[in-house]
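Colleague: Feature table excerpt (Swiss-Prot):
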TRANSIT   1-43  transit peptide
REGION    43-71  region 'Disordered'
BINDING   Ile74, Glu123, Asp149  S-adenosyl-L-methionine binding site
Amino acid sequence: MRGPAMRLPPRIALSALARGPSCILGSGAATRKDWQTRNRRGFSDFNIEPLPDSDLEESSPWTSRNRSEPTRHIACKKAARNLVRDLLEHQNPSRQIILECNPGPGILTGALLKAGARVVAFESEKTFIPHLEPLQRNMDGELQVVHCDFFKMDPRYQEVVRPDVSSQAIFQNLGIKAVPWSAGVPIKVFGILPYKHERRILWKILFDLYSCESIYRYGRVELNMFVSEKEFRKLIATPKRPDLYQVMAVLWQVACDVKFLHMEPWSSFSVHTENGHLEKSKHGESVNLLKQNLYLVRMTPRRTLFTENLSPLNYDIFFHLVKHCFGKRNAPIIRHLRSLSTVDPINILRQIRKNPGDTAARMYPHDFKKLFETIEQSEDSVFKWIYDYCPEDMEF
(Lines of atoms letter the chains of each structure in order from A and count residues from 1; the text may use other names and numbers.)
(Lines give C-alpha, C1' and ligand atoms only; values in the text may rest on other atoms or scores of the structure.)
Protein backbone atom coordinates (compact mmCIF):
# COMPACT_ATOMS: atom_id res chain seq x y z
CA MET A 1 0.00 0.00 0.00
CA ARG A 2 1.45 3.36 -0.97
CA GLY A 3 1.32 6.18 1.54
CA PRO A 4 0.43 9.81 0.87
CA ALA A 5 2.43 11.31 -1.94
CA MET A 6 3.90 14.79 -1.96
CA ARG A 7 5.52 16.00 -5.16
CA LEU A 8 7.87 18.84 -5.94
CA PRO A 9 8.88 20.29 -9.29
CA PRO A 10 11.60 18.22 -11.04
CA ARG A 11 14.20 20.92 -10.39
CA ILE A 12 13.91 20.38 -6.65
CA ALA A 13 14.02 16.61 -6.84
CA LEU A 14 17.12 16.67 -9.02
CA SER A 15 18.76 19.35 -6.91
CA ALA A 16 18.33 17.14 -3.89
CA LEU A 17 20.32 14.40 -5.55
CA ALA A 18 23.11 16.66 -6.67
CA ARG A 19 24.00 18.09 -3.28
CA GLY A 20 24.79 16.98 0.23
CA PRO A 21 22.03 16.10 2.75
CA SER A 22 18.93 14.47 1.40
CA CYS A 23 15.99 16.64 0.40
CA ILE A 24 13.69 14.15 -1.25
CA LEU A 25 9.94 14.35 -1.25
CA GLY A 26 8.04 11.47 -2.73
CA SER A 27 5.60 8.74 -1.84
CA GLY A 28 5.14 8.66 1.91
CA ALA A 29 7.82 11.11 3.07
CA ALA A 30 8.26 12.94 6.36
CA THR A 31 10.80 15.44 7.65
CA ARG A 32 13.47 14.14 10.00
CA LYS A 33 12.33 16.63 12.66
CA ASP A 34 8.74 15.39 12.50
CA TRP A 35 9.82 11.79 12.57
CA GLN A 36 12.17 12.22 15.51
CA THR A 37 9.30 13.61 17.58
CA ARG A 38 7.45 10.34 16.94
CA ASN A 39 10.47 8.04 16.99
CA ARG A 40 10.08 5.20 19.47
CA ARG A 41 12.50 2.67 18.02
CA GLY A 42 15.78 4.28 18.96
CA PHE A 43 16.83 5.28 15.46
CA SER A 44 20.33 6.69 15.48
CA ASP A 45 21.39 9.83 13.63
CA PHE A 46 23.67 8.69 10.84
CA ASN A 47 24.81 11.60 8.73
CA ILE A 48 26.38 10.66 5.43
CA GLU A 49 29.23 12.38 3.68
CA PRO A 50 28.13 13.97 0.41
CA LEU A 51 29.16 12.08 -2.68
CA PRO A 52 31.91 13.64 -4.77
CA ASP A 53 30.59 15.63 -7.68
CA SER A 54 32.33 13.31 -10.13
CA ASP A 55 30.04 10.46 -9.11
CA LEU A 56 26.61 11.99 -8.78
CA GLU A 57 25.90 15.31 -10.35
CA GLU A 58 23.16 17.24 -11.98
CA SER A 59 23.64 17.68 -15.68
CA SER A 60 25.18 21.12 -15.46
CA PRO A 61 25.15 23.32 -18.54
CA TRP A 62 27.57 22.50 -21.31
CA THR A 63 26.10 24.65 -24.00
CA SER A 64 27.86 25.57 -27.20
CA ARG A 65 31.09 27.44 -26.70
CA ASN A 66 32.72 29.77 -29.16
CA ARG A 67 34.78 26.85 -30.35
CA SER A 68 33.14 23.49 -30.97
CA GLU A 69 34.40 20.42 -29.15
CA PRO A 70 36.25 17.85 -31.28
CA THR A 71 34.00 15.08 -32.57
CA ARG A 72 34.91 11.55 -33.64
CA HIS A 73 33.39 9.74 -36.59
CA ILE A 74 33.60 6.29 -38.12
CA ALA A 75 36.27 6.45 -40.85
CA CYS A 76 36.84 2.74 -41.56
CA LYS A 77 34.49 0.89 -43.93
CA LYS A 78 35.24 -2.45 -42.27
CA ALA A 79 34.30 -1.00 -38.88
CA ALA A 80 31.11 0.37 -40.45
CA ARG A 81 30.15 -3.08 -41.76
CA ASN A 82 30.70 -4.57 -38.30
CA LEU A 83 28.53 -1.87 -36.77
CA VAL A 84 25.74 -2.55 -39.25
CA ARG A 85 25.81 -6.17 -38.14
CA ASP A 86 25.66 -5.15 -34.47
CA LEU A 87 22.86 -2.63 -34.98
CA LEU A 88 20.59 -4.56 -37.31
CA GLU A 89 21.34 -8.08 -36.08
CA HIS A 90 18.83 -10.47 -37.69
CA GLN A 91 15.94 -8.01 -37.85
CA ASN A 92 14.23 -6.71 -40.95
CA PRO A 93 16.23 -3.51 -41.57
CA SER A 94 13.32 -1.68 -43.20
CA ARG A 95 11.35 -1.90 -39.95
CA GLN A 96 14.19 -0.65 -37.75
CA ILE A 97 14.70 3.06 -37.09
CA ILE A 98 18.32 3.97 -36.41
CA LEU A 99 19.13 7.38 -34.95
CA GLU A 100 22.76 8.14 -35.77
CA CYS A 101 24.41 10.87 -33.72
CA ASN A 102 26.92 13.10 -35.51
CA PRO A 103 27.59 10.80 -38.49
CA GLY A 104 30.14 13.23 -39.94
CA PRO A 105 31.25 12.09 -43.42
CA GLY A 106 28.57 9.39 -43.40
CA ILE A 107 30.65 6.20 -43.67
CA LEU A 108 28.34 4.31 -41.31
CA THR A 109 25.27 6.11 -42.67
CA GLY A 110 25.97 4.78 -46.16
CA ALA A 111 26.53 1.24 -44.88
CA LEU A 112 23.22 1.31 -42.99
CA LEU A 113 21.34 2.63 -46.02
CA LYS A 114 22.93 -0.01 -48.21
CA ALA A 115 21.60 -2.64 -45.82
CA GLY A 116 18.09 -1.18 -46.18
CA ALA A 117 17.76 0.57 -42.82
CA ARG A 118 15.77 3.69 -42.05
CA VAL A 119 18.28 6.22 -40.73
CA VAL A 120 17.69 9.55 -39.02
CA ALA A 121 21.01 11.41 -38.93
CA PHE A 122 21.38 14.02 -36.17
CA GLU A 123 24.31 16.14 -37.34
CA SER A 124 25.51 19.12 -35.31
CA GLU A 125 28.02 20.41 -37.88
CA LYS A 126 26.61 22.19 -40.93
CA THR A 127 29.79 21.27 -42.82
CA PHE A 128 28.75 17.62 -43.10
CA ILE A 129 25.08 18.04 -44.04
CA PRO A 130 25.66 18.55 -47.80
CA HIS A 131 27.66 15.29 -47.80
CA LEU A 132 24.91 13.32 -46.04
CA GLU A 133 21.85 14.22 -48.07
CA PRO A 134 23.08 12.72 -51.39
CA LEU A 135 23.74 9.35 -49.69
CA GLN A 136 20.15 8.26 -50.17
CA ARG A 137 20.55 8.09 -53.92
CA ASN A 138 20.92 4.57 -55.26
CA MET A 139 20.40 3.14 -51.76
CA ASP A 140 17.75 0.75 -50.50
CA GLY A 141 17.21 2.52 -47.20
CA GLU A 142 15.62 5.79 -46.16
CA LEU A 143 17.52 8.79 -44.82
CA GLN A 144 16.36 11.91 -43.01
CA VAL A 145 18.86 14.52 -41.83
CA VAL A 146 18.25 16.73 -38.79
CA HIS A 147 20.60 19.61 -38.01
CA CYS A 148 21.02 19.38 -34.24
CA ASP A 149 23.27 17.90 -31.57
CA PHE A 150 21.49 14.81 -30.27
CA PHE A 151 23.36 14.94 -26.96
CA LYS A 152 22.12 18.48 -26.28
CA MET A 153 18.52 17.74 -27.18
CA ASP A 154 15.85 18.26 -24.49
CA PRO A 155 18.03 20.21 -22.03
CA ARG A 156 17.03 19.71 -18.41
CA TYR A 157 15.86 22.52 -16.17
CA GLN A 158 18.07 25.63 -16.30
CA GLU A 159 20.30 24.60 -19.17
CA VAL A 160 20.18 26.96 -22.13
CA VAL A 161 20.89 25.45 -25.52
CA ARG A 162 20.68 27.35 -28.78
CA PRO A 163 18.85 26.41 -30.82
CA ASP A 164 16.42 24.86 -28.34
CA VAL A 165 15.72 21.41 -29.80
CA SER A 166 12.82 19.23 -28.65
CA SER A 167 12.73 15.51 -29.38
CA GLN A 168 8.94 15.67 -29.25
CA ALA A 169 8.78 18.18 -32.12
CA ILE A 170 11.41 16.33 -34.17
CA PHE A 171 9.87 12.90 -33.67
CA GLN A 172 6.44 14.23 -34.57
CA ASN A 173 7.81 15.63 -37.83
CA LEU A 174 9.50 12.30 -38.53
CA GLY A 175 6.30 10.37 -37.89
CA ILE A 176 7.79 8.44 -34.96
CA LYS A 177 5.11 7.34 -32.50
CA ALA A 178 5.32 6.18 -28.92
CA VAL A 179 4.85 2.51 -28.07
CA PRO A 180 4.09 0.86 -24.70
CA TRP A 181 7.05 0.14 -22.43
CA SER A 182 6.15 -3.54 -22.59
CA ALA A 183 6.55 -3.56 -26.37
CA GLY A 184 9.78 -4.22 -28.24
CA VAL A 185 12.57 -1.74 -28.93
CA PRO A 186 11.07 1.00 -31.17
CA ILE A 187 14.27 2.93 -31.89
CA LYS A 188 17.99 2.25 -31.77
CA VAL A 189 20.46 5.05 -31.17
CA PHE A 190 24.09 4.95 -32.24
CA GLY A 191 26.63 7.51 -31.14
CA ILE A 192 30.13 8.25 -29.91
CA LEU A 193 30.04 10.07 -26.59
CA PRO A 194 32.05 13.33 -26.58
CA TYR A 195 35.14 12.54 -24.56
CA LYS A 196 34.90 15.69 -22.41
CA HIS A 197 31.28 15.11 -21.43
CA GLU A 198 30.82 11.34 -21.26
CA ARG A 199 29.84 11.16 -17.62
CA ARG A 200 27.57 14.18 -17.73
CA ILE A 201 25.70 12.81 -20.73
CA LEU A 202 25.34 9.39 -19.12
CA TRP A 203 23.79 11.02 -16.05
CA LYS A 204 21.44 13.12 -18.16
CA ILE A 205 20.28 10.02 -20.03
CA LEU A 206 19.73 8.20 -16.72
CA PHE A 207 17.36 10.91 -15.50
CA ASP A 208 15.53 10.86 -18.84
CA LEU A 209 15.22 7.07 -18.73
CA TYR A 210 13.87 6.74 -15.18
CA SER A 211 11.48 9.67 -15.66
CA CYS A 212 10.36 8.46 -19.12
CA GLU A 213 11.20 11.82 -20.62
CA SER A 214 12.91 12.89 -23.86
CA ILE A 215 13.49 9.89 -26.15
CA TYR A 216 12.10 7.52 -23.51
CA ARG A 217 8.61 8.94 -24.00
CA TYR A 218 8.56 6.70 -27.06
CA GLY A 219 9.34 3.42 -25.31
CA ARG A 220 12.38 1.32 -24.52
CA VAL A 221 14.88 3.11 -26.76
CA GLU A 222 18.09 1.11 -27.13
CA LEU A 223 21.43 2.90 -26.92
CA ASN A 224 24.52 1.67 -28.76
CA MET A 225 27.31 3.95 -27.64
CA PHE A 226 31.07 4.09 -27.98
CA VAL A 227 32.53 5.10 -24.63
CA SER A 228 36.04 5.37 -23.25
CA GLU A 229 37.59 2.44 -21.43
CA LYS A 230 37.37 4.38 -18.15
CA GLU A 231 33.61 4.87 -18.34
CA PHE A 232 33.08 1.38 -19.75
CA ARG A 233 34.76 -0.21 -16.73
CA LYS A 234 32.59 1.85 -14.39
CA LEU A 235 29.37 1.03 -16.25
CA ILE A 236 29.85 -2.72 -15.92
CA ALA A 237 31.41 -2.68 -12.44
CA THR A 238 30.08 -4.97 -9.70
CA PRO A 239 31.01 -5.49 -6.04
CA LYS A 240 33.88 -7.62 -7.33
CA ARG A 241 35.55 -4.35 -8.38
CA PRO A 242 34.95 -2.04 -5.40
CA ASP A 243 37.37 0.53 -6.81
CA LEU A 244 35.06 1.04 -9.82
CA TYR A 245 31.65 0.19 -8.35
CA GLN A 246 29.68 3.43 -7.99
CA VAL A 247 26.16 4.85 -8.01
CA MET A 248 26.09 5.11 -11.80
CA ALA A 249 26.85 1.41 -12.25
CA VAL A 250 23.93 0.46 -9.98
CA LEU A 251 21.43 2.74 -11.69
CA TRP A 252 22.42 1.76 -15.23
CA GLN A 253 22.44 -1.97 -14.50
CA VAL A 254 19.07 -1.79 -12.74
CA ALA A 255 17.56 0.09 -15.68
CA CYS A 256 19.20 -1.70 -18.59
CA ASP A 257 20.71 -4.87 -19.88
CA VAL A 258 24.24 -3.50 -20.36
CA LYS A 259 26.11 -5.55 -22.94
CA PHE A 260 29.65 -5.11 -24.25
CA LEU A 261 29.72 -5.64 -28.02
CA HIS A 262 33.32 -5.00 -29.05
CA MET A 263 36.35 -2.76 -28.75
CA GLU A 264 37.29 -0.56 -31.69
CA PRO A 265 40.85 0.77 -32.16
CA TRP A 266 41.25 4.52 -32.35
CA SER A 267 42.53 4.21 -35.92
CA SER A 268 38.95 3.40 -37.03
CA PHE A 269 37.87 6.96 -36.22
CA SER A 270 38.49 10.37 -37.72
CA VAL A 271 38.50 13.54 -35.63
CA HIS A 272 36.81 16.76 -36.68
CA THR A 273 37.53 20.15 -35.15
CA GLU A 274 36.20 23.55 -36.07
CA ASN A 275 39.64 24.96 -36.82
CA GLY A 276 40.99 21.79 -38.41
CA HIS A 277 43.56 20.80 -35.80
CA LEU A 278 43.75 19.69 -32.17
CA GLU A 279 45.19 21.87 -29.47
CA LYS A 280 46.79 20.67 -26.26
CA SER A 281 45.05 21.82 -23.11
CA LYS A 282 46.88 23.25 -20.11
CA HIS A 283 46.77 20.04 -18.13
CA GLY A 284 46.39 17.28 -20.65
CA GLU A 285 46.92 15.95 -24.09
CA SER A 286 43.83 16.35 -26.26
CA VAL A 287 45.46 14.28 -28.96
CA ASN A 288 46.19 11.41 -26.57
CA LEU A 289 42.66 11.51 -25.18
CA LEU A 290 41.20 11.16 -28.64
CA LYS A 291 43.68 8.48 -29.65
CA GLN A 292 42.18 5.90 -27.31
CA ASN A 293 40.41 2.67 -28.14
CA LEU A 294 36.65 2.90 -27.69
CA TYR A 295 34.21 0.33 -26.31
CA LEU A 296 30.82 -0.25 -27.93
CA VAL A 297 28.18 -0.82 -25.27
CA ARG A 298 24.52 -1.69 -25.81
CA MET A 299 22.09 -0.47 -23.16
CA THR A 300 18.60 -1.90 -23.59
CA PRO A 301 16.01 -0.76 -21.02
CA ARG A 302 14.46 -3.66 -19.15
CA ARG A 303 10.78 -4.44 -19.61
CA THR A 304 10.66 -5.11 -15.88
CA LEU A 305 12.27 -1.83 -14.81
CA PHE A 306 9.02 -0.20 -13.72
CA THR A 307 6.76 -1.91 -11.22
CA GLU A 308 4.01 -0.94 -8.82
CA ASN A 309 6.72 0.15 -6.39
CA LEU A 310 9.29 1.77 -8.71
CA SER A 311 7.97 4.19 -11.31
CA PRO A 312 8.71 7.54 -12.97
CA LEU A 313 6.85 9.11 -10.04
CA ASN A 314 9.22 7.92 -7.31
CA TYR A 315 12.49 7.10 -9.09
CA ASP A 316 14.12 10.13 -7.44
CA ILE A 317 13.76 8.45 -4.04
CA PHE A 318 15.42 5.33 -5.44
CA PHE A 319 18.31 7.48 -6.70
CA HIS A 320 18.57 9.01 -3.24
CA LEU A 321 18.62 5.59 -1.57
CA VAL A 322 21.52 4.43 -3.72
CA LYS A 323 23.38 7.70 -3.31
CA HIS A 324 22.97 7.56 0.47
CA CYS A 325 24.27 4.01 0.67
CA PHE A 326 27.37 4.83 -1.36
CA GLY A 327 28.04 7.95 0.71
CA LYS A 328 29.52 5.55 3.28
CA ARG A 329 29.78 2.39 1.26
CA ASN A 330 31.50 0.37 3.97
CA ALA A 331 28.96 1.14 6.67
CA PRO A 332 26.43 -1.60 7.52
CA ILE A 333 23.31 -1.27 5.38
CA ILE A 334 21.14 -1.31 8.50
CA ARG A 335 22.63 2.03 9.55
CA HIS A 336 21.66 3.56 6.23
CA LEU A 337 18.12 2.21 6.54
CA ARG A 338 17.71 3.68 10.00
CA SER A 339 18.62 7.06 8.58
CA LEU A 340 16.57 6.73 5.39
CA SER A 341 13.32 5.08 6.36
CA THR A 342 10.78 4.74 9.13
CA VAL A 343 10.12 1.06 8.52
CA ASP A 344 11.67 -1.69 10.60
CA PRO A 345 15.10 -2.30 8.99
CA ILE A 346 15.50 -5.76 10.49
CA ASN A 347 12.24 -6.89 8.93
CA ILE A 348 13.13 -5.36 5.55
CA LEU A 349 16.55 -7.04 5.47
CA ARG A 350 15.00 -10.34 6.46
CA GLN A 351 12.58 -10.11 3.53
CA ILE A 352 15.37 -9.52 1.00
CA ARG A 353 17.61 -12.10 2.68
CA LYS A 354 20.39 -9.73 3.63
CA ASN A 355 22.36 -9.60 6.85
CA PRO A 356 22.32 -6.39 8.93
CA GLY A 357 26.10 -6.26 8.66
CA ASP A 358 26.16 -6.31 4.85
CA THR A 359 27.48 -3.14 3.24
CA ALA A 360 26.50 -1.22 0.10
CA ALA A 361 29.80 -2.17 -1.47
CA ARG A 362 28.75 -5.83 -1.30
CA MET A 363 25.24 -5.36 -2.68
CA TYR A 364 24.54 -5.98 -6.36
CA PRO A 365 22.33 -3.63 -8.42
CA HIS A 366 19.29 -5.93 -8.24
CA ASP A 367 19.68 -5.97 -4.44
CA PHE A 368 19.19 -2.20 -4.30
CA LYS A 369 16.05 -2.39 -6.41
CA LYS A 370 14.66 -5.21 -4.28
CA LEU A 371 15.46 -3.23 -1.13
CA PHE A 372 13.69 -0.12 -2.41
CA GLU A 373 10.60 -2.00 -3.59
CA THR A 374 10.34 -3.90 -0.31
CA ILE A 375 10.33 -0.64 1.65
CA GLU A 376 7.80 0.91 -0.75
CA GLN A 377 5.35 -1.97 -0.36
CA SER A 378 5.76 -2.16 3.40
CA GLU A 379 2.66 -1.40 5.48
CA ASP A 380 4.57 -0.73 8.69
CA SER A 381 4.25 3.03 8.40
CA VAL A 382 2.29 5.64 6.46
CA PHE A 383 5.43 7.72 5.94
CA LYS A 384 8.17 5.45 4.62
CA TRP A 385 11.00 7.89 3.90
CA ILE A 386 12.78 10.54 5.94
CA TYR A 387 14.28 13.65 4.41
CA ASP A 388 16.18 16.64 5.74
CA TYR A 389 14.81 20.04 4.83
CA CYS A 390 17.47 22.05 3.00
CA PRO A 391 16.31 25.59 2.18
CA GLU A 392 19.24 26.16 -0.17
CA ASP A 393 17.96 23.35 -2.38
CA MET A 394 14.44 24.71 -2.67
CA GLU A 395 15.30 26.73 -5.76
CA PHE A 396 14.18 26.60 -9.37
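Every residue, even glycine, has its Cβ placed from backbone N, Cα and C.
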Colleague: Tell me, how many other CB atoms lie within 10 A of the CB of Ile74 (S-adenosyl-L-methionine binding site), whichever protein chain they belong to?
Modeller: 25
Colleague: Cβ neighbours within 10 Å, counted over all protein chains: which one of the binding-site residues Glu123, Asp149 has the most?
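Modeller: The most densely surrounded of these binding-site residues is Glu123.
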Colleague: According to DSSP, collapsed to three classes, what secondary structure does Asp149 (S-adenosyl-L-methionine binding site) have?
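Modeller: In three-state terms, Asp149 (S-adenosyl-L-methionine binding site) counts as coil.
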Colleague: Could you check what DSSP calls Ile74 (S-adenosyl-L-methionine binding site) once collapsed to helix, strand or coil?
Modeller: strand
